[in-house]
Each structure stands twice: as structure tokens, then as C-alpha cells.
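For 135-251, the entry in Swiss-Prot reads domain 'CUB', with the evidence type sequence analysis. The N-linked glycosylation site annotation in Swiss-Prot covers 216, 240, 245, 328, 386, 419, 431, 578, 734, 1046, 1076, 1201 (among others) and rests on sequence analysis. Annotation source Swiss-Prot lists repeat 'Kelch 1' at 355-405, citing sequence analysis. The repeat 'Kelch 2' feature in Swiss-Prot is assigned to 406-454; the stated evidence is sequence analysis. The repeat 'Kelch 3' annotation in Swiss-Prot covers 464-511 and rests on sequence analysis. Look at Swiss-Prot and you will find 516-567 tagged as repeat 'Kelch 4'. Positions annotated as repeat 'Kelch 5' by Swiss-Prot: 569-627. Here Swiss-Prot flags 628-674 as repeat 'Kelch 6', drawing on sequence analysis. Here Swiss-Prot flags 758-797 as domain 'PSI 2'. For 935-986, the entry in Swiss-Prot reads domain 'PSI 3'. The feature domain 'PSI 4' is assigned by Swiss-Prot to 989-1064. Among the features that Swiss-Prot reports, domain 'Laminin EGF-like 1' is placed at 1066-1111, with the record citing sequence analysis.
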């Protein structure tokens, strides 16, 4: 019973379609055993919605076996008929085979079956994977209801799946997305209202679509009206999620009536519709109607005929007329419209009077497109406009700015071509017409995803400021572009302050009180291969052109909107997906609502709209009118057309100071003590505003971690977080710099024009090349600063020039000559950078100690040509703009220009011959800029786009090449259905696919099979109904030609067959007839394979779909080649090339394989070893060698051996070219099946002297891989040359003798030197020994005996006693008198005395010595003192 229960459980697990080892998506456990409401059956597939009957579940339980055992036993004892006996034998055999069969490790799902031979699942058409758990093909669904799913678990990488739901023509079908989780902006599910991708697109789902509530009203739902629906899913190779579970039904009310009504059949048609509950209206009962009876009779009245319900009395507003006028709290409302021309995204809107003008935008289908829309904010109705408003081509991602009843539209992406434009057009509201402006100075970037504002500067100029955006040629733009409305000119502003990073899809607002722009978020690239969303907030002051970094929001997003209400910037919606390798739950579409307090630099999160409807979106527009924000359109997988209205809290609704101060968040109110009124931020006085700022400053909390984010001095000191710069890093102001570092706390003190700071802000090669101080590093795809010493010591790189200021006192001509000595010339200060640098350097030099006593008025390269014309040394005219003449200048006496005091920025005219202090020299920078590759946007073919590197991506259906860091910015609404990189390009159209399987992998293709019954056909653009004819011309203007059904391209009457869901069973590629509908009878035309899809050995080509095979072209050096490419597998080592037409010259092989072969050149007297053991060597069966004798009077010996048998042929020729080209080789040796061979070739027999270029050829062939071969040629003499011997012998002997003499002499010198050193050390040692004097008494015979002391009469004593080590022995020295002559006089020449020494034993005499010493002490008083002496 336990086993049976386990079997039943395993069967049930297979029916569920997943096992416990398979990761189930979020939410499965809650739904996995939910009973089916309609049938009471069990639901084993939660995502699929499949219900199994109760009968089936009972059948899966094991039957009772005990009552049947006796019956079974009796049946076994009965004799079996022959047929039954044979069946039993067959069953036994099959049982034995089943015992040997392999079982699949995991159960097969989705209709797959386990193959007992391989132990692997065999999947039905459309399913792939080890368990058939992933979709991977096309499906056709015909039921009146059903489900669409990618399979259990996470979907597969690089997946393409297509579902065709076929119903009845023009019958309404509803698709309900119960679960959907894919990678945002990269993995899409497209829904078409028809039977092909050429039908109208109605949705492009991506990201995490999770209902905001548990109710049914927020789950996405798509309505299809044609009776057909095509769903196509594509995923890339980044990361995958749990996929989707979609149910469809032809008889279902919208959103199941949102749970607030009943679904009933319509009386007038066969459709169904909702009968809403009380207080609910709308097609799906999702609109509140007359809540709280509109507060009747005090606040309003219910209008049953109006979908809006309440008609509020004066002084009341909001849902149910529950909020007074002015509003004491904020609230949301929603207006829904069904006009097909309204849905759009990435449009722009402005308000003029009571009219909201909406211009441009992206739409799925352009049949009902209107370029300009007008919305009456008072009546909440859309207005009708003239058809002339559509005279401009469709675009999106542009900018709008309003000025005096004129709407200025700039940039954007042209939808029909995919190009980004730099057009500036003006829409005149009064006559509803467009005018194209042609600026005088065209120095602007073509951008998309930017913003623009028209402002009046303090100088009175009216300009349009274009902020950031993405340019396909220059990447993400970080500059501010200015258009002067009066001068009709463009310019790029040189801003100051923080170095900000521009991006795509940010929001920006202009605050009239602070005269500043506030820019938030966006999609940004921080290098060519690093990009992400941003949460930055920047402030740009329009008069000072100063950027300041404010507190970031910590909410990353792009394609959101912002407006300013009473000193508060309100931010709504956007795309918040910021995951790159795995999902962290960030959603594509957001309804986040945030507020930024301008005065306090503080963010707060506001409640999301509570509208009983999903309002998540991005790419919408937002405008402000009478403190009310209007949000229109956007994208949330579907294009939206509703209007969200947010009415903010009003300051004047608060009557007390406490309530006024506590107002918000979302509004900033100030209490006016004089009038005792609560006023908004815009109406506050300067004193009130400053007081508020000071209060906020005292309460603010600093985020010290933000300081670490700044990598340059400018951004570190131009922010609101109190940071300061310490040499090379930014730290909080309460952290001191370390010793030796300089602290910079103010922006003005930062070193200006440091290229290390701003080069890394450039994200493309072209933008990097615009600045001569930067260079592009192609390996790391980043912009880096040029080295500081590129100009040399003392020179400074400024732009593309090197400048140097000297202090020498000289006249103009000498200064010019001094510059020329450095290959320079006097500077032409024609750019702002040069002027600023020179003036700054002069100020620094003037303040330094070394030059403080000098008054520097340096010469510059400015001269007077005639009476009224001055020009620079580079011949450019002087314009008196960057530098200006001082008052009363130029004087008539001067013809040369000098700089006056640096603070004045002025010029003076001086006499050219007068010597003055200083000169400014200039020379070109001596570096060459690296050439940039062709920008991705200018590459028009896939091969060109993806060939060089991974920096570009090719979108196949859009036929566009984009930067890899701009894919999301280029296709924000899923326009790209499939992309390619790194040399992987598809055919340009369907006709390029040669097999049906490859054809049906493309969602827009179908297969037309010819009548030959061989599987031959053609791939054509088409739908389920048949082929379609593509338009012959591209879209022009706002006219988009659509493909039309053309069945004549595949006529069924002519026995052609159109396949759109599955391929025909016969797939023999036109090389064989099919038997049993699918088996190729005999592959002909040199083909082989299950479907005759490859060429036979020795032939190559593409035999698919009737293709031909041709012989391998290998020039006789190979018999096999790659069956697809034709690349030959050369059999001779040293021969290479696609057709074996080249020799490996780089490896010492030479020859001509077109007329002969290749040979390895051997050196004489060297042994060579060739090991052919690599996988690339498996086709080699031959190798050839060539050798030429070095000596003409010696024989040539050779030997060769190998690890395997081989054939050997040796020939010779009079020269190498003769042997390879004319065939004049003479055979010498021919051996077969040998392993070793030796031979000698006589110089006399082969006449080496008369054939100086004689060459021997060795042909080794017929061996097998792997093999090791050794070969050598050598020349040795038979008789030794005696003369040479003796010459060599004596030369060696004399050389050795000379070496020995030199060594002996060196040794003697070393010995003598060492001996001298030793003697010197001995003398020093002897001189350092202790010494003393001794008295000697010489007795003579005439001396009276009494004159000699008694002590001398004792035993003679030694003059020295030198103890040895251990005091056992000593050296005793005494005076000895030598024999004397007559008179006691020694002989002449002699002293008569000698010193005698002897080694004596003192071990036994030491006590006596000590005794004598003690006796001497006792006798000191008895005897007079005497000198120590010795008696001889």
C-alpha cells in the first residue's frame, strides 16, 4: 500500500508538470492545491489553470487487491491458449527489456515522453529542455478559453515562443495576465490583434507585473477584437525570471467586472457586459459613482447619466464632493477616454490658458495618429483641431517650451526612420500651423530624451535652454545648449560649478523664485560599458550658469515627470528597473509619488494614488494649472490615454499659524504675521524665504557618505552636503585633511581646467575627441586626460595649444624670436580658454615672490596691419570681444599689442621697439588624436554593426545599429524584437532562411512548400492565413504603408502548401522523395543525413532547400573538407589555406603548393624532431623536407626514424626551384612501410662541386596520426687534415701555455702582495708587544768584591720569562757572556754578550717562585732598595 501510494503520488507529480527539485515561481505554493471553482476538480497546474476531473484523480488511487488474490491465483492455474501463451512470452520479453531500459532522471512534462533507450525526454513540437519544461516554438490554440504559459520554473535564455489563438472572426477575446515576470526592457511578450506580427500591436509586456491588491481589478487585461491573437515572446541571455501565466476567454466581461458587478449577456448582441453594483460605473465597473450620495443635499448631487457621477455645489470638490474649496487636503481623480488617437508615450505637453497642448509621442499603430492634441482643463474634454497640425512627421522623446502663444519643439526621434533630429519647429497656437526655423549658427546636438525651458535672463535676453539628452553620435550629453530666440542662434554654454553627468529621460522644472532649473534622475552612462539609472538632483542657476548638486532622492528612475507647486517639486511615476544580473524586485512601471522641498533640500514620499485602478506608468507627461497637476498618457505595457488629476492642498485653506506651518508634505506654506494669512512659497517675501532657509539649515541632517561619491574638486565643493576637497578625494567638512594635504572648501578655490576631472564624464569617443585635453582609450572604452607634460617643462596645455609666459624684458621682434627658438610664435588669444588661462597665470605670477617686483605687461601676437585693422599672428582678425582695448586705446603711436593689468582684461598698443617685461608664446600640442571608429548610429548593416567589437548592437526588425549603453534609451517601449552582437547576424528578410525550422523561428515568416514532395520550399513574410506582400517603399511623413495578404505567392490550387505553425513532415531539402510522409527514401545529389541536409565526404556546400554540393577544391593536397564552408583539411604538413594554396612560411616551409608542394628547410648538422600529436594534426599523412649541402668536398649523411611506419622517397635536383616547378627531380631512394632509414650521398657521385645548388628532397608519406619523426643531415670528413690538426694543436697548446703563464704571474703577484701584508702585520704585532728595561752588572776581575750588593751574589736570573698557554711551560731568556780576550776585552767586532732562550718547564717551580716573592717581601726592611738586576 505504501508503494502504491508512492506510485500514485509520483503520477500526480508528473501530471502537475513539475517536481520538488524544480524551483517554483513566487506565488505557486499558495495556488498549487486551489480547487477549481466551476467543476470542483483538482488543479495540479497552478500557472496553467488546467483542471483535472475528479474521476481521473480517483483512477489514480490504487484499487483494493486482497479480495482479488484468490481469483488471480485460480486464473494462473488454468491452461493458456497458444495465442495467450505467445502473448505471455512477449510480455515476459518486454518485461525483461523494460528492466534493462533507462528511466529519465526527472519526469517529462508538457506532453513529453521518456525514451527508454536514452533515458531522455522526447518533447512534442513547441517544447524543449531536459523535462520539456521550456517553450521553444509555435503553438496554435483553438479552444474558446485556455491558457498561455512558458512552462514551469524560470523560462530559458535566448527563447523565442509564439502562440496563435484562433477564434471566430471579429469576436472579442480577453487576455488576462495572472502572473508575469520577465527582465524589464529586455525580455518582452508582444500581443497582436490578428494572426501575425503585421497585425496591429496592442501591448508589449515586460518586467514585473504584480497586482497592487488581491482584488481582480488591478490585474492587466488586453482586449482583442479581430477574433485572432498572436503572442510572441523573446528573451535575451542576461537573466531569466519565472515567466507568465495568461488565461484567455471569448465570453468574459472586462476584468471580471472588477468584482463589483455581474457578467450578463447583452440583449442586442452575442457579447457579454457588466451589470455594475450600486455606486460603480464603467465598462468594467471600476469607476466610483456618486460616493456617499455626493453629500446631498449639502455638498452636491448625483447625476446618474454622467459617468463622473457627482455634480458638486460651489465651494465643494473632489470624490463625493467631500473636500472644500480651497482644498485642505490633496486628492487624486482619474478621467478615462476611449478615442484611439489618444494613447501615446514619450510625448510632451504645455499649458496655455485653460488648454493643455499635447505634441507628438510614440504609438503602436499610426492609422489614427494625431500629431497635436488639445485638452480643455475646465471641461475635461478633448478638442477638435485642423488637419494641418499633422503636417509634421511623427516623433517622440522631443522637448516643448511655451513662449507668447508659440510652442517650440526641438529634437526627438523620428518614428518612421529611427533617426534623432536637431530640427527646431514652432507651433503657432492662434492659427494651428507649424514653422521650421533655420538658425544662423548651427552648433547644436541632435538629442532625444532631453528637456527644454524658455527663460528670461537678468540681462533681458530670452533663451531656450536644452538640458542633457542622448545623441546617437556623441552619446549622453552633459552640456547645456542655448537657443537665443531673438538672434536665432545656437550655442553651447561654458557652465561652472559641479561636473554633472547628463542622461536620457530625466525630469526638469524651472522655479521662477530661485531662477533655477531642477533636474532629477535619468538613464545615464558613466563610461561606454557602465550605465544605470540615477537618483541625482541638480540645480542650474540660469544667470550664473552654475551647477549645484542637491540631495539625491534615493529613488532611481527615468522617463518620469515633475512639476513645481508652492516651492515643492512633485515627482511622479517612471521606470525604476535598475537590475542588470538578477532581479531585486524593481518594477518597470512605477506610481511612486515624491516631493522635494526646495527651501529645505529635503525629500519626502507621498501616498500613491488610490483610484481603484493600476496607474503605474512611465513616458507620460505632466503639467500644472491652478495648483493642479494633470498627468496624461504613458506606457505600462499598453499605451495609455487616461488623465490623472492631482489637486494639491491649498495654503489659503489653513486659518491658523500651526496648521499653516504643518501643511504638507507636497506643499510649502508660510505664515504672514502682518496679514495673519497662510501664503504659498511663491508669494512669500525674501525675508520670509531666508528665514525658512535658515530654520531648515539648522535642522538638516548631513549624509557623509555622499561626499565619497564625488571624484573631482568642483562637485565636491558645489553641493549642499558640506564637503571639502583634500588633494585627491572628497571628505566631509568635519573630517580634517591629513598632514601635507590642502583643504579646499569653496568652488572658487578649485584648480580650474583640470582635464582629469571632466574627461571621465565623456562617454563616447566622439565627445571625448571634441576636447583636445582628453583622449579615448579603446581597450577600456573610456575617456582619459592627456599627460600633463605633453607640452614639455614650463609649458601648459590649453585646448589644442601649448602656452608659456616668459618674464624676459625685450622688444616685440626679440620676443617673437625667443618664441621661435622654441618652435613657437607669439600667442593669438582667440579662444575663451586661452584668455582665461593667461590672465589667471599672470595673476599668480604677479603675486609670487620671484616676480612680485616686476610689472608684467607681456607681448601677445597682435599687430596693426594698416590704419584701422588689427590681426593676430595666426592671421585671424581681432574682434574686441574676449579681450578689449583699454580706454583711449589703441593709441596711434603703438603698432603692437600688450596685455595690461590682468584684472582689467584689457589691451594696450605699445611701440614695437620698446622693451617690456614678458611675452606669451604658443605652439600646437604635439599629440595626435586617435581616430574614432564609425559611430554605431552610422552603421547601416548588421555585419558592419557587429564586426568590430561589442560596443554596438543590431536590432533586426528595426534595421538599426545602436550603442550597447543606449539600447534602453533607443527602444524604451520594446520596439526591438531581437538584437545581435559580435558578428552574429541574421538574414535581412525571410527569404534568407533556407530551412523550415529556421524560417518558423522568426515571428514574421512562414514556409511555402512546393509540390515536389521533397521538402523543398521557400520562406516568405506571412501570417497564419497566408503570405503577405511587404510595401515596396518606406514610410513617408505620417503615412505608414501596411503589408497586405497575398495568397498568390503560395497557391494551394497548385499543390503548394503554406505552413505557419508547424513544418511539413517531409523535410528532405529537395534531394529525396518521402516515404511514410516523413522518411527520406534515398538522398541524392551528393547529400546525406536524416533530412539530406549535409554533403557527403569530399564535397561541400549548403544542400538545404535544394542547394548544391560541389567537390572540395584543395589543389591535390586534401580529399576532405568542411562540408559547410569548404575549408580543406590539408594532408601535407606545412600546407595551409582555405584551398591548401599556401605554405607556412612563418614556420620555415617553402614551396609552391599550386604546382607542387611545401618543404621544411633542414639545416646541416642539426637534428629536427616533429611531433604531430595535436588535434589539428589529425588529417596529416605526409611531410616533406629539403636539404642543401654546405660543403662541396664532403659526403652528405642522413638518417630518419619515426614512431610509426611510413613510406620514404628521396630525390635530388640541381636546384630547389627546378625541383618544385619543372619536375626535374631524380629519384634516389624509395622505401615503404619502414620506421628507420640511414644513407650517405657521395660528393663525387653527385658532383657537389659542379652543382653548388644541389638539393635533396625527402618525402615522408602514408603515416597515421599521431606520429613523432626525427630527421638529420650531416657532413663529416673521412681523413683528418694533418696541417689543420697541427695548426689547431699548437694554437691550442700555445694558448694554454700563455694562459698558464698569465695565471702564474697573477698568482706570484698575489703571493708577494699577501707576503708583504703578512710581514707588515708581524712587525706591527712585534712592535705592539710589552717591553721593559733591565740592569745588567758585568763583573771584572779588578773590581773589589765588597762593592757588589749581596743580592747580586745570588743565583743569576733570567731577563725575561714568557709563559705559554696553561702556565705549564715558558720561554726563558738570559744574557750569556761570550769568551773574552786578554784583559777581558771581547774580540773586535763582537759585543761579548748574547741572549739565549730556552723552553723550560715551570709547573714545578711556581711555588718556589711564590716563596721567593714572599721572602722578598719580608726582607724589604732589612735591605736597601735596589733596581732589579741580573748577575752574569
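Cβ coordinates come from backbone N, Cα and C, glycine included.
As the structure is a computational prediction, the values presented were derived from the model and not from experiment.
Overlay of Swiss-Prot feature records on the structure.
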{"residue": "240", "record": "N-linked glycosylation site", "CB count, 10 Å": "23"}
{"residue": "245", "record": "N-linked glycosylation site", "CB count, 10 Å": "24"}
{"residue": "328", "record": "N-linked glycosylation site", "CB count, 10 Å": "15"}
{"residue": "386", "record": "N-linked glycosylation site", "CB count, 10 Å": "11"}
{"residue": "419", "record": "N-linked glycosylation site", "CB count, 10 Å": "14"}
{"residue": "431", "record": "N-linked glycosylation site", "CB count, 10 Å": "8"}
{"residue": "578", "record": "N-linked glycosylation site", "CB count, 10 Å": "16"}
{"residue": "1046", "record": "N-linked glycosylation site", "CB count, 10 Å": "15"}
{"residue": "1076", "record": "N-linked glycosylation site", "CB count, 10 Å": "8"}
{"residue": "1201", "record": "N-linked glycosylation site", "CB count, 10 Å": "15"}
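Among the glycosylation sites listed here, namely 386, 419, 734, 1046, 1076, 1076 has its C-alpha nearest to that of residue 1201 (N-linked glycosylation site). The Cα atom of residue 1046 (N-linked glycosylation site) lies nearest to that of 1076, taking the glycosylation sites 240, 245, 386, 578, 1076 as the candidates.
Counting residues 6+ beyond its ends, the domain 'PSI 2' (758-797) has Cβ neighbours under 8 Å at 473-478, 499, 501, 525-529, 711-712, 803-804, 837, 841, 923, 925-927, 929-930, 932-933, 935, 951, 963, 965 in the same chain. Contact check: the domain 'CUB' (135-251) against the domain 'PSI 4' (989-1064) gives at least three Cβ pairs closer than 8 Å, residues 6 or more apart, which meets the contact criterion. Applying an 8 A CB threshold to same-chain residues 6+ apart, the list for residue 734 (N-linked glycosylation site) reads 704, 722.
When the glycosylation sites 328, 386, 431, 578 are compared by Cα distance to residue 245 (N-linked glycosylation site), the shortest distance belongs to 578.
Closest by Cα distance to residue 578 (N-linked glycosylation site), from the glycosylation sites 240, 386, 431, is 240.
Ranking the glycosylation sites 240, 431, 1076 by Cα distance from residue 419 (N-linked glycosylation site) puts 431 first.
Looking only at the glycosylation sites 328, 386, 431, 1076, the one with its C-alpha closest to residue 240 (N-linked glycosylation site) is 1076. Take the Cα of residue 1076 (N-linked glycosylation site) and measure to each of the glycosylation sites 328, 386, 431: the nearest one is 386. The average pLDDT for the repeat 'Kelch 1' (355-405) in the predicted structure is 93. Annotation: stretch 628-674 has the most Cβ pairs under 8 Å to the repeat 'Kelch 1' (355-405), among 464-511, 516-567, 569-627, 628-674. Reduced to three states, the DSSP call for residue 1046 (N-linked glycosylation site) is coil. Within the domain 'PSI 4' (989-1064), the DSSP-based counts of helix, strand and coil residues read 12 helix, 21 strand, 43 coil.
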